[in-house]
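Let me begin by presenting the structure, written as structure tokens, before commenting on it.
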């Protein structure tokens, strides 16, 4: 049998989990799918890959937690894909993050119009999203079906991503819409560009009390950032709605069937922290769909124009297959790391598609980090 890079070290990450007493307890929004086949397909003979996307509002402690987790494994069996800070600051445009915060500040101060702000924000968000979208496209041919057995061996490779493409193509545009600096039409344009959800997409969202979140955000130093409490509230709201939306869709919810339950065009109030799969299916009014009952998107008869309805169909199709986990960040960095490690034991692996996929994926991830990571 051929040897793949990472096989000789594949148990290092798993051993770290066992040494901390972590079980295979599932805390995702959707139960693990059992796909026990009577015949072994050729794909099932390939090594497996675990992809983990650490996402959620900025300033919770995602990067610190991820770096501590990565340090537990060997260089060969776990690879970190950081935020593409160099692309945002240099390669794609000049100081994109600073431009976004400055534009919002100028809008809030009445120095520019909402229309002018929307032009800048939309352009900047394209720059933010490009590295995520293109990396997902390059990775996609190597992702096979989900390894559904609950007794799957440790993966040959674990990829830890600092955010999924939906952060740049859905969540932050939606938050900017709530802030008045992006149009709902632009948000749905980004939604239409969200890549198809690959099998084994494990997304970790975060929970942290707002006062603790503000304190952490105030203490961190990121190039170009401002402490914008209104934006923090908006992005927390959006990620809460995202978690609800996945639960709603996986619970059988249909936005088209339930659209009539939405009334008016009011933005939903601030919700609670994202929840796991406990409790009943959320109401459509507590999901992202409620954001798009906006006058700009409605025909004279009150229905959505078809082009915008199709975009919401895309949104539902992209979010429904995701495996969403909730990490409690209201603990020490080491505690967050250990909690994240425990979550990984219940995540969904995928088979790769070719014998050369594992080294190719490693090279892709390291090239991304080397060329676009913050160290540059």
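Glycine residues also receive a Cβ, built from the backbone N, Cα and C atoms like all the rest.
Residues annotated as substrate binding site in Swiss-Prot: 101, 125, 222. According to DSSP, residue 222 (substrate binding site) is assigned to coil rather than to any helix or strand. In sequence order, 58, 97 are the residues of the chain that are 6 or more apart from residue 222 (substrate binding site) and have a CB within less than 8 Å of its CB.
Annotated compositional bias 'Basic residues' per Swiss-Prot: 19-32, in sequence order.
For 33-44, the entry in Swiss-Prot reads compositional bias 'Basic and acidic residues'.
The annotation region 'Disordered' is assigned in Swiss-Prot to 1-44 (among others).
The region 'Disordered' annotation in Swiss-Prot covers 260-280 (among others).
All chains included, 18 other C-beta atoms sit within 10 angstroms of the C-beta of residue 101 (substrate binding site).
Its Cβ placed at the centre, residue 125 (substrate binding site) has 22 other Cβ atoms within 10 Å.
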